[in-house]
Each structure stands twice: as C-alpha cells, then as structure tokens.
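Read the structure below first, then the notes.
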Amino acid sequence: MAMDRTFRIKVRMRRFRRQHPRIAFAIRSFMIFSATFGGAYGFVSGSRSENSGYDPNTFAVGASFLFALACLGLATLSMRLRFVNKRMRKLAAHNETLIDRNWELKEAEERARSLFEQQGDLIVLRDHQGRISFANDAYCALAGQGRNALVGTRFDFDVLEQGDSARESNGTRIHDQRITTPHGARWIAWREGYVRLDAGQPAELQSVGRDVTDRTETERALSDARDQADAANRAKSRFLAMASHEIRTPLNGMIGMGGLLLDTTLTPEQTTYARAVKTSGEALMALIEELLDYSKIEAGKLDLDQRPFALSTMIEEITELLAPRAQAKTLEIAAYVDERLPLEVVGDAARLRQVLLNLAGNAIKFTATGGVALIVEPGIWPNEISFLVRDTGIGIAPEARTRIFREFEQADERVARTYGGTGLGLAISERIVKRMGGRITLESEPGKGSTFDVAIPLAPSQSGAGQTAFPSPDLTGKSILLIADGIEASLIARRLERWGGQICLVSDGAVAEALLPERSWHAVLVDRAIGAAIADHLGEVARKHATQRLVLLTSSSRHEKFSASFTGFLIKPLRAASLAARLALTPEVASPELAPEPPAASPAGVVTAKGLSILVAEDNEINALLMRSLLTKLGHRVVIAVHGEAALESWLAASSAGTPYDLVLMDIQMPQLDGIEATKRIRTHEAAKGGHHTPILALTANTLVEDRYACFEAGMNGFLIKPLDRDKLDEALAGLAAARHLAV
Ligand code: ADP
C-alpha cells in the first residue's frame with residue numbers, strides 16, 4: 001500500500017514537472033540556491049566566531065574530506081548519466097521496430113479490408129435492438145445510402161418473396177429473399193448468425209448476403225422449360241393414343257375382309273397373297289395394340305381395376321392359352337399355385353394377365369428346348385404375391401438386364417432379328433407392375449434360362465375368405481408312381497406331396513416297370529411324352545398293382561386313343577382341380593390282386609451268373625424301393641438299411657458271419673449316423689482287422705466339389721448322383737465288377 005502511494009505521488013510529481021517546466025525550474029533553482037547559501041553562511045559564521053578554537057590543521061582535513069565527498073558525488077552522477085544514455089539508445093531502437101510493425105499492421109488491415117469489400121457480399125451487423133452497427137460498402141451501395149446515414153438506424157430492405165429457411169448445425173440460418181433495391185428487385189441468399197465481438201457486450205446479429213439473382217432466374221427458367229416439355233410429351237402420348245385408336249378401326253376392316261376373301265374360292269396364288277395381307281395386317285395390329293397401350297400408360301391413363309379374382313383360374317387360363325404355342329415348339333408349359341395363397345385376391349386381373357402373358361410369351365419365344373413354368377408363391381412381404389416365370393431358354397446377358405426394360409430395347413440385335421418383336425413388351429409390363437405397387441426382377445444365366453419375378457401386393461378378397469376352390473384329396477400314406485420327365489412332372493410331384501402322398505418320380509419306363517410290383521400303388525400316372533408304346537405297356541403292367549391308372553395327355557394328342565388298361569386321362573397343362581378330382585375318386589376297377597408279387601423273371605443277359613450282395617443304406621423309403629427293384633432286376637441280392645447305424649450293424653454282422661457284402665451304396669444324408677460317418681467307422685474296423693476292403697459308393701443329390709472331397713476323405717470309392725437310373729447303376733456296377741475281376 002505504502003509503495004503504491006509513494007509511486008502514485010512520484011507519478012504525479014513527474015507529471016507536474018512535465019506540465020509546468022518553468023515553475024519546476026524556479027523551485028529547483030530556489031532550493032539549490034538556499035542550500036548553497038545556508039551551507040556557506042553556516043561555515044563562514046562558524047569559522048569567524050571567537051570561541052570556535054579554529055585549528056588550521058583540522059580545517060585542512062575537513063576541507064579535503066568535503067572535496068573528496070564532492071568528487072565521489074560527481075563520479076556517481078557521471079556513471080548514472082552513462083547508464084541513462086544507454087537506456088535511451090535501447091528505447092529509441094525499440095521505438096523504431098514498433099513504428100515498423102505499426103506500418104505492417106496498417107498495410108495488412110488495408111489489404112484485408114479491400115479483399116473483404118471486393119467479395120461483393122453484403123455484410124451488416126445489428127445490435128440486439130436491430131440497429132445497424134456496421135455495414136460494408138456493398139451493403140451501402142445496394143441500399144443507395146452512405147454508411148453514416150445507415151449506422152444507428154433500423155434500415156432494412158423490403159421483402160418481395162421469402163424462400164424456405166434452413167438452420168445449420170452451428171445455428172447459422174440460411175434463407176433466400178427477393179428484395180427491392182434502388183437498382184431493381186434482387187435475389188439475396190442470406191447467412192445469419194450471432195457473433196460476440198466484445199466480451200462485455202451483448203451478441204450482435206451478423207448477416208452476410210450474396211446476390212444470386214442470375215442463378216435463381218436460370219433455375220426458374222429451366223424448371224419452366226421442363227414443365228413445358230412434360231406437357232408436350234403428354235400431349236404427344238395423347239396424340240399417339242388417339243392416332244393408334246383411329247388406325248385400328250380401318251385395319252380391323254382390312255383383316256376381316258382378308259379373312260372373308262380367304263373363305264372364297266381363290267387360285268393358289270391368290271390364296272398366298274390374301275394370306276400375306278392378313279398376316280401382315282395382324283402383325284401391324286399387334287404393333288398398334290402395343291403402341292396404344294404404351295402411350296396410354298405414358299399419358300397417365302392407366303386406371304387399375306380393384307375386383308376380386310381367382311388366382312389359380314387366371315394362371316391356368318394363361319397356361320392353357322399359351323400351351324398350343326409351346327407345344328408347337330415341343331416345349332412344356334406348366335403352372336403351380338402355392339396352397340398357402342388365398343383363393344381370391346383383389347386387383348386388376350386383366351392387367352396382371354397382360355403382364356404374365358407377355359413374360360410367358362417371351363419365355364416360349366426365347367426357348368428352344370425344355371419348357372416354361374409359371375409358379376405363384378407368397379412374396380417376402382405380407383399380402384405380397386410372387387409370380388415366377390421360369391424358362392430354360394437362351395438367357396439374358398448381365399449387361400442387357402436393365403436395358404431390356406426400356407422401350408424399344410432388345411437384348412441382342414442378332415437375337416432380335418431371329419425372334420422378331422418390338423421391344424415394347426417389357427417396358428409396358430414394368431410400368432403396369434410399378435403402377436400396381438410392385439416390382440419385376442430378373443435372374444438369368446446366359447444359355448441356361450431366365451426367371452422373371454413379378455412381386456405385387458394383392459390383398460385377399462373378403463368374400464372369398466374361407467372357401468376352397470376344390471376339395472384337396474387326402475393322400476396321406478398313399479404311394480403314387482409318377483412316370484414322367486420335365487418341368488411339369490416336378491410340379492405335379494410337388495403338388496401331390498402337398499396333399500400328403502408318397503411320390504416316386506421316375507423318368508425311365510424300364511425302371512418304372514421294375515418298381516410296379518414292389519407295392520400296391522394308390523395311383524400310377526404315366527406321361528405319354530415318354531413314348532406312346534411304353535406308356536400303353538406300362539398301363540397294362542400296372543393293372544395288377546395300382547387302383548388308378550391315369551395317362552397324361554398333351555392337348556395336341558388328346559384325340560389319340562390310349563390303351564383300355566388306363567382308368568382315365570388328364571390333359572396337360574394340368575389343372576390342379578382335375579388332378580384332385582381324379583385322385584379322390586374311388587377306384588372304378590378294383591384290381592384283382594394287389595398283393596406284391598415276387599419280381600418277374602429278369603430279362604436274360606442282364607442277370608450275371610452270380611449277383612453281388614449289396615447293402616443299400618437309404619432312409620427315404622421310396623428311394624430305397626427304387627434301388628431294390630433296380631438292383632434286383634439286374635440280378636443282385638439287396639439288403640436295405642434305413643439309417644447309418646443300421647448299415648454299420650448289418651455290415652459288421654455280415655463280415656463276422658464270413659459273408660461280407662460285395663458293395664455298399666451309402667446315402668450321404670441320413671438320420672442318426674450319416675453316410676460319411678458310417679463309412680469312416682467301417683474303414684476303421686477294416687483297418688483294425690486288416691482284411692477285406694468293401695467298396696463303398698456314395699449316393700448323393702449334391703454335386704458340389706466339397707461334398708465329393710468329403711466322400712473321398714471318408715474312404716469312399718466313388719459316388720452315384722441321384723436321381724439314379726438303370727444306366728448309371730449298370731455302369732457303376734460294371735466298373736466295379738471289372739475291378740474285382742482284375743483283383744481275382
Ligand atoms: P420383344 O419381345 O417384343 O422384343 P420385350 O420388351 O418383351 O420385347 O423384350 C425385350 C428383349 O428382352 C427381347 O428382345 C429379348 O432380347 C429379351 N428377353 C425378354 N424375355 C426374355 C427371355 N425369357 N429370355 C431371353 N431373352 C428375353
């Protein structure tokens with residue numbers, strides 16, 4: 001405190017000296033004078049006094065002491081002076097650098113300011129009461145007023161149009177405004193946020209605006225142009241729709257008249273010409289229909305119906321409609337509607353039929369061998385139904401898979417030339433499906449075939465709830481032998497399995513004949529496609545073993561006669577209801593002997609002198625049956641084991657009895673102990689005993705390389721791929737016999 005006070009007094013005195021140098025000089029002179037005068041006077045009067053005892057010696061000592069003191073004082077003063085001079089020089093240098101810095105700062109500020117002003121952005125700061133505290137040149141120029149006139153006022157531009165405003169995460173508000181200025185209306189994009197310039201002051205609103213008039217106007221012009229183009233496009237589509245509609249009427253007349261002309265007596269030449277007129281007319285009509293449809297959809301004139309319809313009826317109608325076209329190319333066509341689906345759904349049946357007809361029509365068009373299947377299943381979402389159109393045709397290359405859904409696009413120019421078409425079908429189909437709220441997806445492997453999947457939401461119809469189209473027969477525990485090949489056969493088998501039946505599907509007539517005596521069959525279904533003579537023969541053989549013998553006919557061969565040994569026939573493509581009705585019937589002709597018979601004498605030549613003793617490990621009853629009859633037919637002795645554990649036991653028993661098996665056929669997937677594990681155990685036993693090595697062949701439906709490795713690793717000698725037929729089995733056994741022969 002005391003220090004403080006003295007310091008303050010000192011500062012004040014110094015200030016006083018600076019302010020009043022004359023008064024300070026007078027005071028200082030007066031003080032020096034009075035001190036000198038006082039000293040001299042005291043000294044003189046002291047030395048003159050009577051009783052002073054003046055001693056010249058002492059006087060001389062005193063005088064020299066004082067002189068020394070004065071000299072000391074002078075020396076100290078001179079040192080101080082030098083020190084002060086040094087400080088002065090230092091301060092002068094420092095001062096110079098400060099002046100330089102000051103210049104630099106001024107220049108930098110100038111530069112920053114000019115840069116800031118050159119941006120052309122408007123910058124204005126307002127205090128919490130909305131009064132302008134700063135406005136840059138651009139703002140002043142746009143406002144047409146000087147800065148002094150603006151600062152301190154609540155000036156703002158008049159707003160003509162206010163755009164949407166958005167807020168950034170840091171609180172900055174962004175919005176567009178159209179404002180009036182002395183230079184006309186301008187669009188300004190503002191960014192506004194609060195800034196605190198001085199710690200003690202309330203925050204100020206900083207607005208930075210950029211003139212975006214040109215950009216905004218260009219955008220508006222573009223959007224107007226697009227609207228106009230859209231309108232023009234719609235008008236064009238409407239025109240196209242009208243024109244195609246108008247063209248259809250005279251074209252109809254031409255086609256009709258062509259037909260009538262063909263009914264009259266014509267020379268062969270005339271017939272050719274008239275036919276050409278008619279077919280060209282029909283081709284043109286088809287094209288116009290598509291164009292009309294397309295333009296209708298484009299013009300937004302696609303109104304969808306919402307009416308209940310029966311799913312399976314529609315699908316069966318489609319397959320029946322396309323069947324002649326497929327059969328003309330010797331292709332199969334078949335349909336399957338999943339039982340879990342509602343019988344009736346609500347939607348636009350006509351448009352859905354159009355899409356499916358187009359997809360299935362394409363499937364037939366682009367397939368040379370095999371067939372086309374239409375499969376209807378529940379989709380991935382509730383109430384969604386998935387319509388799969390699968391073919392075994394040429395397939396579609398990956399790069400063409402999105403392109404073909406665009407108008408007038410075809411997968412391949414060369415292909416298009418061979419097959420014809422306009423490339424509109426898929427474009428129309430996709431638009432219809434999208435309009436229904438669904439989607440079309442495509443999976444394809446070039447050379448192998450394609451699958452189009454149409455998934456659309458279709459609600460079940462209320463009126464149809466709880467009904468069933470036809471009573472499905474109860475086939476639980478009943479065996480059915482289906483002798484057929486191809487897409488439809490597997491779909492029929494799937495349906496029969498759904499009804500509870502045990503299905504044995506064979507494609508080979510000889511195998512079927514061997515299987516027939518094995519049990520009493522509830523029904524035997526024979527497809528004529530395997531050959532009319534074989535089919536009739538099978539019907540004859542089946543007489544003894546099956547209650548119902550049905551023959552499947554293609555519609556092209558429906559007028560053919562079939563052997564009287566059949567109890568009925570079904571037309572392909574099959575209707576589920578007809579199949580159900582047929583199978584639910586009580587047998588018309590009860591067969592006299594239904595008990596299984598010992599197998600008929602095997603054809604000569606097939607039976608080897610000594611058949612092999614073979615252990616078959618197979619859990620599927622029907623497959624086991626098939627193996628047994630095939631092998632017995634070939635003259636071998638067969639023992640069946642129904643799981644791995646049983647196979648192992650049987651093998652052990654036979655080995656210890658001294659009659660080991662010549663061969664084991666081992667199914668891979670079995671309950672309890674699978675084929676791989678059972679094989680490993682057999683090999684372990686053999687290794688322990690060091691004796692006979694039994695050949696083991698795997699029976700598998702899997703053709704994966706990893707599975708093959710697993711088989712070999714477990715010690716198997718090979719494998720047979722299911723479904724098995726006589727040739728495959730014969731070949732494998734011949735190979736084995738040769739090996740055995742060599743070993744002997
Ligand atoms: P179009 O059949 O009249 O040419 P689409 O739009 O129906 O027109 O089909 C477009 C193209 O898609 C076809 O030209 C063909 O190249 C390809 N395509 C369609 N479906 C199939 C299919 N199932 N298999 C192979 N290619 C197909």
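Each residue, glycine too, has its Cβ placed from N, Cα and C.
Unlike curated entries, TrEMBL annotations are predicted automatically.
Check TrEMBL against the ranges 209-229, 461-481 and you find region 'Disordered' recorded for 209-229. When pLDDT is averaged over the domain 'Histidine kinase' (242-460), the result is 86. Using a Cβ-Cβ cut-off under 8 Å and counting only residues 6 or more beyond its ends in the same chain, the transmembrane segment (59-81) has close neighbours at 47. As a summary of secondary structure, the compositional bias 'Basic and acidic residues' (211-229) carries 17 helix, 1 strand, 1 coil according to DSSP. Under 8 Å, Cβ to Cβ, and six or more positions away along its own chain, D667 (4-aspartylphosphate) finds A617, E618, D619, N620, N623, G675, A698, L699, T700.
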